[in-house]
Amino acid sequence: MDSQNVGDIDIFQQCKYIHEVELVNMKLQMRILETHIETKDRLLRNLEDIIDEQEARIANMEDFIQVLSLDFGTLSEENMRLKNALTQMQKSTRMNELLETDEDYESSDLMSCDGGTGNGRSTSPQPTSDVTKSYPLMVQSMREESHWKKLQRCAEELKSEKDELRQLALDTKDAFNVCMGEMKMMLTSKTTDFFRVLIERYKAEMEKRKQLHNQLVELNGNIRVFYRIRPLLRLPQNNEAEDGNEKPVVFIDDMDNGVVHVTNTSNTKKTSASADKVIPTDFSQEQIFEEVSPIITSCIDGYNVCIFAYGHTGSGKTYTMEGPLDAPGINQRAIMQLFETAKDRSNDISYNIKVSMMEIYNEKIRDLLNTANSNLSIRQTDEGKSSIPGLEEVLVTSAQEVTDTLAKGRKNKVVAATEANIESSRSHVIVRVVVSATNLITKVTTVGRLNLVDLAGSERVSQTNATGQLLKEAQAINKSLSELGNVVLALRQNQKHIPFRNCQLTRILEDSLNGDSKTLVLVHLSPDAKSLNESISSVNFAEKIGQVFKSGFKRDVTRKSISGPPKIPASPRK
Ligand SMILES: Nc1ncnc2c1ncn2[C@@H]1O[C@H](COP(=O)(O)OP(=O)(O)OP(=O)(O)O)[C@@H](O)[C@H]1O
């Protein structure tokens with residue numbers, strides 16, 4: 001082998017060796033790398049395990065937190081309930097203490113101190129069993145002495161505050177009462193003064209108005225209209241009001257004693273125009289006579305006077321004119337008064353008083369003092385006066401004769417039954433008193449006539465359900481009342497033609513109504529509710545005849561009374 005070849009082999013060997021070393025080195029490096037990678041992988045796995053573990057822990061923690069927060073919520077709810085219960089208990093304790101009287105307070109205090117068993121250990125007021133069961137902790141704490149003492153102090157403070165407040169309230173009430181009393185007195189005196197002045201002024205104005213009205217009435221023919229309201233009647237068997245209605249429906253006006261109100265329970269039905277007077281319900285027969293006596297006295301002076309009692313059945317016409325035996329009415333009192341006056345004047349004047357009594361029934365005139373005269377007629381005398389030939393006239397010279405004469409006439413009165421009132425008078429009854437006065441010195445004689453007329457009931461035919469004879473009666477009554485109204489109105493208005501001739505009633509009374517006569521119409525009203533419509537219709541009648549003719553008339557001097565009355569003040573008013 002040449003050296004070159006040997007050299008080449010060495011190099012080759014060296015290269016191979018190097019190569020092998022490098023290979024080993026590379027393998028080593030590979031191994032190291034692999035180990036490194038393995039280590040990393042292991043570490044990574046470990047890390048993943050740790051992360052998993054941590055995540056599991058976090059999840060556990062979250063669960064735990066949730067459980068905790070749930071527990072916390074429950075606890076705070078519980079806490080709230082406890083708080084509310086405590087507040088409620090405190091309130092109820094305070095309320096109890098406030099409401100209890102001092103005595104109760106003491107006893108309840110004692111009871112609660114020993115728990116109601118007398119053990120003497122102070123304890124808080126026991127809450128309701130529910131609360132005790134639900135909130136044992138609270139009850140326990142409430143039973144703690146310090147807490148109970150606080151409550152006691154609080155209760156005492158509240159009690160003293162309550163006493164103070166009570167005292168304050170009493171003081172305020174006293175002060176208020178004193179103040180009110182003073183104010184009331186002040187107001188009353190001021191109002192009373194104010195009203196007194198007002199009422200005085202009003203009365204003065206009313207008086208003036210009435211004086212003017214009187215003058216006007218005298219100029220218009222001297223016709224007066226009074227209302228009389230009878231009292232509510234009581235049933236004899238049970239003393240109850242006649243129609244079961246205790247409230248009267250007719251009232252006198254408080255401010256104007258000439259006005260009546262006819263009302264029912266719901267609304268005002270009618271307020272009358274002012275009449276001359278309203279006679280109150282409680283007036284006695286004597287008081288009523290005092291109201292009418294001036295007009296009666298003028299008869300003795302030669303005036304013709306007519307007094308009419310107008311009203312529906314049961315309104316009290318006969319009571320006013322005749323009256324019961326123990327309370328005689330206008331008829332008897334009037335004749336007695338004429339006697340008295342005649343007696344007083346007997347030194348100068350000789351009087352002669354004659355009484356006749358008649359009734360007009362179905363337009364027939366009957367003599368009530370002599371029943372044989374059952375159909376009298378009216379005649380015209382030569383002097384143009386109307387007379388009733390055959391009518392009995394009784395000369396009365398004593399009170400007893402007057403009483404007997406009137407009683408005789410009363411017996412003969414026709415009383416027919418109607419549906420409205422079975423005792424109803426269906427005729428007009430006229431008591432006529434003729435007073436002749438002869439002056440003993442001058443020998444001049446004057447004659448005055450007094451006609452006291454108890455008219456038949458004014459109820460409307462439609463209301464009575466009358467048929468046959470009763471219907472005929474009712475129609476005759478209605479006609480004559482309506483004619484009377486027309487005559488009175490025509491006289492008041494001073495009309496040229498006065499329709500006296502239209503019925504027997506006005507024909508009989510022609511002489512008495514005509515001329516310088518005086519007429520008083522007493523319109524009767526019944527206060528019971530069932531007569532409401534009749535009362536309204538009576539008020540309408542009163543208003544019609546009470547109308548004052550205000551202007552455009554001249555007094556008709558030709559209509560004078562035949563006997564020529566002396567000139568005396570004509571007004572019947574006081
Ligand atoms: N002022 C009064 N005080 C007491 N009772 C009275 C009064 N007015 C009327 N009465 C009584 O009322 C009832 C009816 O009265 P009265 O007979 O006088 O009525 P009238 O209007 O005359 O009836 P008629 O038209 O039917 O005759 C009677 O029982 C009467 O006693």
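Just so you know, glycine gets a Cβ as well, placed from its N, Cα and C.
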Range annotated as coiled coil - as stated in TrEMBL, picked from 148-175, 232-259, 372-399, 400-427: 148-175
Additional residues around ATP, ordered along the sequence, whose Cβ is within 8 Å of the centroid of Gly311, His312, Thr313, Gly314, Ser315, Gly316, Lys317, Thr318: Arg230, Ala309, Tyr319, Gly457, His524, Ser526
Site of maximum Cβ density within 10 Å, from binding-site residues His312, Lys317: Lys317
Cβ-Cβ distance under 8 Å to Ser315 (ATP binding site), same chain, at least six residues away: Arg230, Gly457, His524, Leu525, Ser526, Ser531, Glu534, Ser535, Ser538
Reduced DSSP assignment, Lys317 (ATP binding site): helix
